[in-house]
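Novice: Quick one: the structure is below, questions incoming.
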Amino acid sequence: MIIRSPEPEVKILVDRDPIKTSFEEWAKPGHFSRTIAKGPDTTTWIWNLHADAHDFDSHTSDLEEISRKVFSAHFGQLSIIFLWLSGMYFHGARFSNYEAWLSDPTHIGPSAQVVWPIVGQEILNGDVGGGFQGIQITSGFFQIWRASGITSELQLYCTGIGALVCAALMLFAGWFHYHKAAPKLAWFQDVESMLNHHLAGLLGLGSLSWAGHQVHVSLPINQFLNAGVDPKEIPLPHEYILNRDLLAQLYPSFAEGATPFFTLNWSKYSEFLTFRGGLDPVTGGLWLTDIAHHHLAIAILFLIAGHMYRTNWGIGHGIKDILEAHKGPFTGQGHKGLYEILTTSWHAQLSLNLAMLGSLTIIVAHHMYSMPPYPYLATDYATQLSLFTHHMWIGGFLIVGAAAHAAIFMVRDYDPTNRYNDLLDRVLRHRDAIISHLNWVCIFLGFHSFGLYIHNDTMSALGRPQDMFSDTAIQLQPVFAQWIQNTHALAPGVTAPGETASTSLTWGGGELVAVGGKVALLPIPLGTADFLVHHIHAFTIHVPVLILLKGVLFARSSRLIPDKANLGFRFPCDGPGRGGTCQVSAWDHVFLGLFWMYNAISVVIFHFSWKMQSDVWGSISDQGVVTHITGGNFAQSSITINGWLRDFLWAQASQVIQSYGSSLSAYGLFFLGAHFVWAFSLMFLFSGRGYWQELIESIVWAHNKLKVAPATQPRALSIVQGRAVGVTHYLLGGIATTWAFFLARIIAVG
């Protein structure tokens, strides 16, 4: 840490009334671009309008103006999020069986949507139990509401209205900070201030207030709910806050107030700030007292972190100093120059944030099932499967987005003249080594992982089970994974002596938590089948990385096209007369990377879905005998490609295929429709622009004959537009097909 004289204080950080509010301007399509504002000559105009509306770089080159637009757009985004949340809470208040579910969460399904009877649509309202007819929801909102202490639909109404007010506030803020008081560029670039406020404010105080809410409201209410008290009898949230005796009845140390805190006698608080590990056997969720303790600890950490960076007081860390001091023996100038990149290129900044947020989202997916945080979440199999699938897809998209914006940074913001021998320059200089090695890894992983399956299929077909790779023949046990599992299972007695159980039941240790006769979680065994599919995961992760990284590292130049930077981020080919230069733009790498991201995530969610149904989810008898949904068939069936097709895709598709005439029929229709959307994408991906232009001209001729030709000249989609439409429908169709397949299956059997 360096102590130096105070920084010169920045006085005026905003411009007043920089841009007048003009509805006339907003009403004019394409007002942000001289070309588009002229109006349409051809149908390409509408595509350009959509492509460039949010590409602020194309509106102006003034970084301050771009920053203000992005900042303002963030408020718009927050407004939409609040609106969405408000809708969710309103549905919970108006159309749901939340209060009934609260009284019996194990036998009543969550529902917050009732379909109107139009032409037989009432068939979609299934019986979710408790005399309620509706669509079973799988978002996990009911479980979150219970965990936060919501006991009535009135409280949901109030929260929904509160979210609407916040949405309006955000819309106002977006307008105000662009038109009335717009921050100067220096404000956006003041990273130390930003870090302090985000760390201490958002994460620190945010976690602290949540911990406070949990201790004062959630814990007592959940204590009553777990004991079977009728929600209408439970005191309201404000009563605990105003009346300490209510809390003291449940947690006696509350009677002492803050005395133990100031006398450092903190163990007094261990009644409601626990360190138990494992799951609450009543609800099948993490101990809420553990969660409160966790948020309090996180709050302390981030409140400290929010005081580490140097602002007006001349004390603390400076990010530029930290980055420039970051040199290794083999890294030349190290991180020198990165500070300038990250404060002048929002694409570079966004790229890092997307990569980290995407990875974090995937980590969330894995923790939601292994450490289910909310009461009765673990036994709601449809919600568990939905949450895992959702977070995996989102994570995949965010990571591809990271590569996209890294490439845009390379094309638009990277200045090679003042970058020499820093880390980025060194990576770019040995990009051939990186990409060729990565290519080798992909080929190795692809052939070997798939080869293991093909070997098994062949041996199985030839009737030689003793020669297959399986737990009963030639074993390929994941020994490292099993060692990690075992280490964690033993942790409570050894490395974490304060804990009573390990962080997750999945590690092992033999104990099982069941709620209402359903398995919440148990130790997950790993064997040869998992070893095989994990190598497919390794393969399908490395391929999109290869494609995307190649796109970033060769975004500005390559041996094939040395002046690629001049052609921009997206272009179809390097002009006429240069054959073999199509699909080389950075945009095309993102386009191709998306398909492999789709492959990668699909394998992960298939693996998860089948593994959980086979080895975890199921019912438990009074004698303690567990019957899994698919009876433990994963270990022997998933070791061949044929097994995946026959015992997973085909066997488990029976519910969605046979859903017609039942309350699940919407999933059957979606399954059909999404297949159609997916197939529709192939029309865009497999045909060229000229084919359609020819067809269009013949259709225009017919219109001219009938004197109904439009003034705007119809044009075929450009090559890039066609690919964009194609990949969108491919992903949308594929994801919606999987969604219908998963939900019809798990709602029927779960």
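Any Cβ shown, glycine's included, is placed from N, Cα and C.
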Novice: From the ranges 95-119, 195-219, 470-494, grab the one Swiss-Prot calls transmembrane segment.
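Specialist: Comparing 95-119, 195-219, 470-494 with Swiss-Prot, transmembrane segment matches 195-219.
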Novice: Taking the binding-site residues one at a time (Cys573, Cys582), which has its Cβ surrounded by the most other Cβ atoms within 10 Å?
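Specialist: When each Cβ's neighbours within 10 Å are tallied, Cys573 leads.
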Novice: Rounded to the nearest Å, what's the C-alpha distance separating His675 (chlorophyll a' binding site) and Trp692 (phylloquinone binding site)? Just drop the number here, would you?
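Specialist: Cα of His675 (chlorophyll a' binding site) to Cα of Trp692 (phylloquinone binding site) measures 23 Å after rounding.
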Novice: The transmembrane segment (664-686): which same-chain residues, six or more beyond its ends, come within Cβ distance under 8 Å?
Specialist: 123-124, 126, 135, 655-658, 717, 722-723, 725-730, 732-737, 739-741, 743-744, 747-748
Novice: With a Cβ cut-off under 8 Å, give me the same-chain residues at least six positions beyond the ends of the transmembrane segment (291-309) that come close to it.
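Specialist: Long-range Cβ neighbours of the transmembrane segment (291-309): 191-193, 195-201, 203-208, 210-211, 214-215, 218-219, 272-275, 316-319, 373.
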Novice: What kind of secondary structure is Cys573 ([4Fe-4S] cluster binding site) part of, going by DSSP in three states?
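Specialist: Where Cys573 ([4Fe-4S] cluster binding site) sits, the three-state DSSP reduction gives coil.
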Novice: Cα of Trp692 (phylloquinone binding site) to Cα of Cys582 ([4Fe-4S] cluster binding site): how many Å, rounded?
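Specialist: Distance between the two Cα atoms comes out at 19 Å.
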Novice: Using a Cβ cut-off under 8 Å, which residues of the same chain at least 6 positions beyond either end of the transmembrane segment (589-610) come close to it?
Specialist: 369, 385, 388-389, 392-393, 395-397, 399-400, 403-404, 407, 533, 536-537, 540-541, 543-544, 547-548, 550-552, 583, 630, 634, 638, 644, 648, 652, 723-724, 727, 730-731, 734-735, 738, 742, 746
